[in-house]
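Record features, source Swiss-Prot:
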BINDING   CYS15, CYS18  metal cation binding site
BINDING   CYS544, CYS545  Hg(2+) binding site
DISULFID  CYS123-CYS128  disulfide bond
DOMAIN    4-67  domain 'HMA'
Amino acid sequence: MTQNSYKIPIQGMTCTGCEEHVTEALEQAGAKDVSADFRRGEAIFELSDDQIEKAKQNISAAGYQPGEEESQPSENSVDFNRDGDYDLLIIGSGGAAFSAAIKANENGAKVAMVERGTVGGTCVNIGCVPSKTMLRAGEINGLAQNNPFTGLQTSTGAADLAQLTEQKDGLVSQMRQEKYIDLIEEYGFDLIRGEASFIDDKTIQVNGQNITSKSFLIATGASPAVPEIPGMNEVDYLTSTSALELKEVPQRLAVIGSGYIAAELGQMFHNLGTEVTLMQRSERLFKTYDPEISEAIDESLTEQGLNLITGVTYQKVEQNGKSTSIYIEVNGQEQVIEADQVLVATGRKPNTETLNLESAGVKTGKKGEVLTNEYLQTSNNRIYAAGDVTLGPQFVYVAAYEGGIVANNALGLAKRKIDLRFVPGVTFTNPSIATVGLTEQQAKEKGYDVKTSVLPLDAVPRALVNHETTGVYKLVVNAQTQKLIGAHIVSENAGDVIYAATLAVQFGLTIEDLTDSFAPYLTMAEGLKLAALTFDKDVSKLSCCAG
């Protein structure tokens, strides 16, 4: 049997002794040239294909948790036997597309990218970058209007949304040029302008020209979805895209939706001076999160003055001149919400309508998403998909990760499976929400014996000195191993804290590991240690930094 090179992520290694145990376990399965690294949480070795499961069993028997194996490229460069005009043809030009193009180009492949609109995809053009800079502007304006400190007299005039939008557009243009457009020439792959449509599984047509490739990546992203509410198509509603192009601050804004886009943009406009009503069908915001998280952000947004309506049944929407009326029913009572603008933030739909995927034998799901396996292959094994078009976690860092996976798999550089178990997510409200790993409910559904700690934000010294104490830290732990399997935070700068929690979850740190570590005083990161201490102690009875 031929020996192949493998890499396996391994949880639970904490020292050089652990490396020795893992090495011994692998060698007992017949592995050669084993290199175990506890800092990286991985082992690389040579082994025949038929012994890989035995190797993983040995690792488990030694007390560690092996992940999915990845075959590693040989030391020889890949010899491309081109079957078409390109080795890899990418449809789309966002995070997944550029990651795949760069990886493929670095390994000698001939690559082309097809884009029908603006280069750069959602994140830099109409998503992360423009929304977060506008959120920051709103946050500063809101703090000037309502700061929590006595003795400070701060105020603000009317927000000039036209100037803010112009500044935002300048930033977007700069980042699009530097992080996307300039890289096309830097790496030397082809950019083809136009709409791509499959002719067959080897050919697409762009502007009437047929182009062939050995493999394809569909990375066309997603667009705002519009709910089926009577009258919605007859009113001038906003989406997350058009809301960021407004030149005047609306007096009244009604937001349909209960997710991160609804909360972020709703709070942004509130901070700029708009009267905001958030409406959602569910009984609570962020219904997929643990109740403590939903309750904390609900309390904070309500304290700030946003109007939240849950359990909504939408009856119809009507345009009345410059005003829009939303007819709803809540607990059997009919209401009418009047607004100058209506923002629809009810999710996103994949951009697959014009690709003619049937001609290439590519199957899609109920919402039009491209269906893929663990290698990101579609139902046609020469065609891959990555990023938002698959309706997986809709983060640019996930898309970029998946693009790299596709480049490896499509070009035969290494056979890699996707692993999305440890993807952190952040909602950039104030306070922000950050989460990684399993919720309490998810952990129970997976059969874990679960224990949790819930630390109110007023137990975190940084929150006290900020005079902003609405929030919570929640940790989810496997009671049998004491390992952290989930962390969920509502606090200022929660997104800056969650990376530490991500490493803790990914590499199997225990409660004791967290409580025995140093946490800088008067930082939000200290909340992680305090939440870990809460499993065994009442932290309100501890002096500063005592554990």
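Quick reminder: no glycine exception, Cβ is built from N, Cα and C everywhere.
Shown on the structure are the features that Swiss-Prot records.
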| residue | record | Cβ contacts under 8 Å, 6 or more apart |
| --- | --- | --- |
| CYS15 | metal cation binding site | PHE38 |
| CYS18 | metal cation binding site | GLY12, ALA36, PHE38, TYR64 |
| CYS123 | disulfide bond | GLY94, GLY95, VAL129, VAL396, ALA399 |
| CYS128 | disulfide bond | THR122, VAL396 |
| CYS544 | Hg(2+) binding site | PRO461, TYR521 |
| CYS545 | Hg(2+) binding site | TYR521 |
DSSP-derived helix, strand and coil totals, residue by residue, for the domain 'HMA' (4-67): 26 helix, 23 strand, 15 coil
Secondary structure at CYS123 (disulfide bond), reduced by DSSP to three states: helix
Helix, strand or coil at CYS128 (disulfide bond) [DSSP, three-state]: helix
Averaged pLDDT, computed only over the residues in the domain 'HMA' (4-67): 89
